[in-house]
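Trainee: Features from TrEMBL:
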{"type": "DOMAIN", "residues": "195-621", "note": "domain 'Anoctamin transmembrane'"}
{"type": "TRANSMEM", "residues": "212-232", "note": "transmembrane segment"}
{"type": "TRANSMEM", "residues": "238-256", "note": "transmembrane segment"}
{"type": "TRANSMEM", "residues": "309-332", "note": "transmembrane segment"}
{"type": "TRANSMEM", "residues": "352-372", "note": "transmembrane segment"}
{"type": "TRANSMEM", "residues": "395-416", "note": "transmembrane segment"}
{"type": "TRANSMEM", "residues": "496-519", "note": "transmembrane segment"}
{"type": "TRANSMEM", "residues": "586-608", "note": "transmembrane segment"}
Amino acid sequence: VVESWSFLDTVESNFRPLVVIELAKGTKEETIEWFTKRIVDKKANGGAQLLIKPLLMEDGVENIYLVGASHLRLLLGAETVGLVKECSDNSMRAFTYSSRKTFKDFADDNHNFLTMAECQYIIKHELENLRAKNEKMIPGYPQVKLYPGKSIVRRLLTSGILVQIFPLHDREELKKLRHSWYGRVKVGYQPLDDIRCYFGETIALYFGFLEYFTFALIPMAVIGIPYYVFAWEDYDKYVMFATFNLLWSTVILEVWKRICAILTYRWGTLLMKRQFEEPRPGFHGVLGINPVTGREEPVYSSLKRQLRIYLVSLPFVCLCLYFSLYVMMIYFDLEQWALDYHKENESNVSSLMLYVPSIIYAVVIEIMNRIYRYAAEFLTSWENHRLESSYQNHLILKVLVFNFLNCFASLFYIAFVLFDMKLLRQSLATLLITSQILNQFAESLLPYWLQKRYNRRMKKRMCSQKTDRDLSIAEQVTLEKEMGTYLGTFDDYLELFLQFGYVSLFSCVYPLAAVFAVLNNITEIYSDALKMCRVYKRPFAEPAANIGVWQLAFETMSVISVVTNCILIGMSPQVDALFPDSKMDLVLTVALVEHLLLAIKFIMAFVIPDKPRDIQMKLAKLEFESLEALKRQVRSFQMQL
């Protein structure tokens, strides 16, 4: 590989633009010259050894650059990032340039061996690993400091010199994907392999989970309809339904782990080695030495971070939770007012007024969730976490705690304080349906409409101009650089998490929740697909072996649902009538049933393996072969000595 690096030519006549770099207008020439030189320089000189080409825009400003790479460079980059590809014997192995002939579909002239998303991921990795050598500052900007080992791209981004880096859409491939994904209404599975090839594993796993969760909800919806129609007030009949729901929630999450393992093994990410995490772009501190890498980088006291978390962030979150409960009590005052109004008038208008407080409260909940999200992001960034994974974990914890209380506190209050099952059904239905409609509008329909308006204006401006190849690329870049940036799957998983809570927490009271969830998810698949293909810039592919911390979040919700459903069944008049003399016996019986169901859940989670047997065998075989290869290397080294 070292020899390949030294002979690798940085010039390739067939330049294929993969990634766009947009610099701030007015960026100094010496900065541009230094940055582009570092991009094309050889690896031995600390460069990225990529190809770069300026793109002259219609306004004559030259602040857009297209980045590509030669075929050989991308293959060597695939080895560097640890991409896993399928071999000729159908096994999955980490790609190495020296053994490239052993991989399925590889040929020296086959430029489609790596998907476009993988090529863009490699370029992003190489750009982010451009590091300062002896520079103390960005040339032309003495106030923007550098130190040895600092990521140049991250420093340029945080200083505002670099506006954005994004991967280009492949218009032909995108057209095919749109047609097979959402271009026609059909009953069938999504093209997950095509989604993965175009958008990467993280996004493909989200759509895979959304599809799986929708199919998993169908049995709950089918069983819930007759319960809703024929057994509305007979709570004893809901015992079987609630028990099925609790076991169902465990089984679907365990089966998803197996499906996830099958998908990620096929895609190669189940075997990818976890890379050493670099400091996140927003991390700051005084220069020091990292005790693990030995490199010079910012160091920040963990004590200061803990003080910020416990003395500022935690009190702020508690204050927000208190405010959420205060708004909830205002909602109950409105409910009482609507009820009194209905009792006085008893008209069609007064009947409709009964639903108004719940609808208003649902809208307020969505607004509060979104405002709190911005505050949580600001606070988590201010806490100055060194690693992106630590930042994400603290952000998810803050957001989940608030969203859980904000969305479900009123339902718990109605169920366990007011004991009003009729109001609980009404509130649950109104909150679920209103939140689904608002999310569909805010996340997909509104951005799509705004983006369509912008595209129409841009195309009118360009329609009179000639369209040769360069202008076609310029037009594409002009359209794409103004598109919104996809911020990741966080909000999408959060929406599914809250929906799972609505379906599972109070299933024995409102069985139709699963029906509305299925209907919403079917439209969600199409609207999210539209959003990814038409509204946002193409995101960089990110390898993923599972859905991460969200698996734990869903499992926690399923445990809470056991407790709530057992208490609801224990509160029903029919069950209460079975213990006329001693309420303590009722409490003990409910606690015993709840513990028994939890035990069954944990036993099922233990019994159902996370990975299918055949994948376990393939992983074990690969580990054995790796150990044997390592032993042979050691023996060869010892013989040379």
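Note: Cβ is positioned from N, Cα and C throughout, glycine not excepted.
Any TrEMBL annotation is an automated prediction that lacks curation.
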Trainee: How about the transmembrane segment (309-332) with the transmembrane segment (395-416) - do they touch, taking at least 3 C-beta pairs under 8 Å (6 or more apart in sequence) as contact?
Mentor: yes
Trainee: Count, for each of 212-232, 238-256, 395-416, 496-519, the Cβ pairs lying under 8 Å from the transmembrane segment (586-608), and report the range with the highest count.
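Mentor: Ranked by Cβ pairs under 8 Å, first place goes to 238-256.
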Trainee: What same-chain residues lie close to the transmembrane segment (395-416): Cβ under 8 Å, and 6 or more beyond its ends?
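Mentor: 313, 317, 320-321, 324-325, 328, 331-332, 361, 365, 368-369, 372-373, 376-377, 379-380, 423-424, 427-428, 431, 435, 490, 494, 497-498, 501-502, 505-506, 509, 549, 553, 564, 567-568, 571.
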Trainee: Looking only at residues six or more beyond either end of the transmembrane segment (212-232), which have a C-beta under 8 A from one in the stretch?
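Mentor: Sequence-distant neighbours of the transmembrane segment (212-232): 238, 241, 244-245, 248, 252, 255-256, 259, 496, 500, 503, 507, 510-515, 517-518, 521-522, 525.
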Trainee: May I ask for the residues of the chain that lie six or more residues beyond the transmembrane segment (496-519) and have a Cβ under 8 Å from a Cβ within it?
Mentor: 209-210, 213-214, 217-218, 220-221, 223-225, 227-228, 235, 238-239, 241-242, 245-246, 249, 400, 403-404, 407-408, 411, 415, 421, 424-425, 428-429, 431-433, 435-436, 550, 553-554, 557-558, 560-561, 564-565, 568-569
